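In what follows, a structure is listed as structure tokens, so that the remarks can point back to it.
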Amino acid sequence: MTVHPPAVADETSPLLPSQDGPGHNGIVPAATKPKELQSSMSQVALLCCARAIDPLAFFTIFPFVNQMIADTAGIDEADVGFYSGIIESLFSVTQMMLMIPWARAADRMGRKPVLILSLAGLSVSSALFGFSRTLGQMVFFRCLAGTFGGTVVTVRVMISENSTPDTQARAFSYFSLANTIGTVIGPLLGGALCRPGGVFRHYPYALPTVAAGAFGVTVTVACLMFVNETRKPADHTPHETASPTWTSAKILRSQGVLPVLYIHGHSMMLAFAYTAVSPVFYFTSPRLGGYGFSPFYISLFLGGSGIAQTIWLVLVYPPLHKRLGTGNILRGLCFVWIIFLAATVGASVLHRHCEMVAFWILAPLALVLGSSVAMQLTAMQLALDSVSPSPAALGTLNAMSLAIISFLRAVAPAMFTSMYASTLKLSSPGFYTFWLVLGGLVLVLAFTLRWLPEQVEKAPRKLGRSSA
């Protein structure tokens with residue numbers, strides 16, 4: 001077998017490979033040299049560290065932002081919730097507006113410059129948020145952090161380019177795991193480090209944001225030193241230069257793109273809905289259909305969910321994907337969703353009727369089973385790669401998907417928590433209405449999977465990187 005020498009990469013190299021040459025249809029041979037595979041997975045590990053910074057920056061302020069608004073801006077207690085909702089959402093709204101421009105910039109400048117610039121800007125702006133002394137400054141720094149939203153789209157495509165069909169499922173499992181880790185660590189930093197006194201007594205909310213920023217700066221330096229540019233000069237050929245630009249409209253008209261974007265968005269909406277409501281549900285008293293947990297048990301269940309997700313994503317998903325494929329996993333997880341929601345309601349009923357032994361058997365089992373639906377999001381990452389009409393369209397397609405997710409992250413939590421709160425005013429069994437609505441949305445998702453494109457059902461199609 002002929003071994004082609006690796007091409008030298010720099011920051012001005014084309015972002016995505018041409019369709020000419022080996023693997024010109026986007027298909028990468030499964031065989032990869034062990035040394036090259038080890039190097040690629042090292043790159044994936046670094047990129048996953050970068051992936052964790054976005055949710056870390058997003059969620060760090062959640063434990064203290066309400067008190068910060070009341071203390072810093074002098075807002076009436078009755079109005080704090082309104083302003084905190086705006087400040088929390090501004091990150092995602094700004095990110096949504098600039099996601100596609102960041103992808104375009106990466107097409108022109110290369111992956112690595114956009115990654116480093118985004119990470120550095122996100123880290124610094126997140127750190128400065130804790131030093132805000134007015135409501136206007138809080139809004140400004142939150143929007144500034146969202147402006148540097150190019151990290152996620154760049155990391156997602158670079159992971160695709162650093163993996164082969166054999167390693168892609170595991171790589172995107174790590175990608176999803178990194179998001180989970182950032183989501184868990186962010187609130188822990190915010191809750192544990194705010195109002196420490198001492199040197200921070202004049203800025204009581206600065207320490208957690210500085211800590212989050214320090215994480216970001218550390219990862220930025222590591223990526224600057226060790227992450228390789230994935231856009232190689234050899235990939236940029238006259239064929240690619242002469243090919244038409246892949247505009248957003250042209251990508252949307254490509255076969256299979258619209259169904260996959262919708263299914264991805266629908267899956268994320270379900271995830272955001274449950275993630276937002278679950279802490280409130282755990283806190284709600286059993287007489288209103290909740291679990292009535294103390295903060296300790298709430299954190300125990302949330303932490304247990306994170307551990308269970310880690311096991312499902314890292315140990316279960318890669319071999320399961322190899323055996324069943326993306327489409328079958330998505331359909332199977334819709335069934336798991338229904339069982340999980342029914343078991344959650346069943347556990348609540350047991351608690352309400354003081355059947356505590358049965359409750360403590362069913363509730364943890366439901367939690368572990370329900371955590372498996374995190375694999376749905378990893379499967380959708382692979383589906384996006386599969387429907388990309390061209391290597392040159394992959395960055396923009398991912399940016400479009402992430403823009404949709406940013407919008408949902410901005411509006412879904414408030415929408416579904418308000419819905420859940422309104423159902424608590426109903427008489428029994430009306431306070432279980434929210435779970436019926438969520439189950440209905442799962443059935444809609446299962447129905448839309450009928451339009452899952454054929455190429456998603458098959459083995460992963462590789463768009464970014466080739467091996468001889």
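Each residue, glycine too, has its Cβ placed from N, Cα and C.
Record note: of Asn162, Asn228, Swiss-Prot gives the feature N-linked glycosylation site to Asn228, with no matching annotation on the rest. Sequence-distant contacts of the transmembrane segment (429-449), counting only residues of its own chain at least 6 positions beyond either end whose CB sits under 8 Å from a CB of the stretch, comprise 259, 262-263, 266-267, 269-270, 273-274, 277, 288-289, 327, 330-331, 334-335, 337-338, 341-342, 344-345, 348, 416, 419-420, 423.
Between the transmembrane segment (257-277) and the transmembrane segment (357-377) there are 3 or more Cβ pairs closer than 8 Å, counting only residues 6 or more apart in sequence, so the two stretches are in contact.
Remote same-chain residues near the transmembrane segment (296-316) are listed as 170, 173-174, 176-177, 180-181, 183-184, 278-279, 282-283, 364, 367-368, 370-372, 374-375, 378 (criterion: CB distance under 8 Å, separation of at least six residues from the stretch ends).
Pairs of Cβ atoms less than 8 Å apart link the transmembrane segment (207-227) most often to 112-132, out of 80-100, 112-132, 174-194, 329-349, 357-377. With a cut-off of 8 Å between Cβ atoms, the residues of this chain six or more beyond the transmembrane segment (80-100) that come close are 57-58, 61-62, 65-66, 69-70, 73, 135, 138-139, 142-143, 145-147, 149-150, 153, 248, 396, 399-400, 402-404, 406-407, 409-411, 414.
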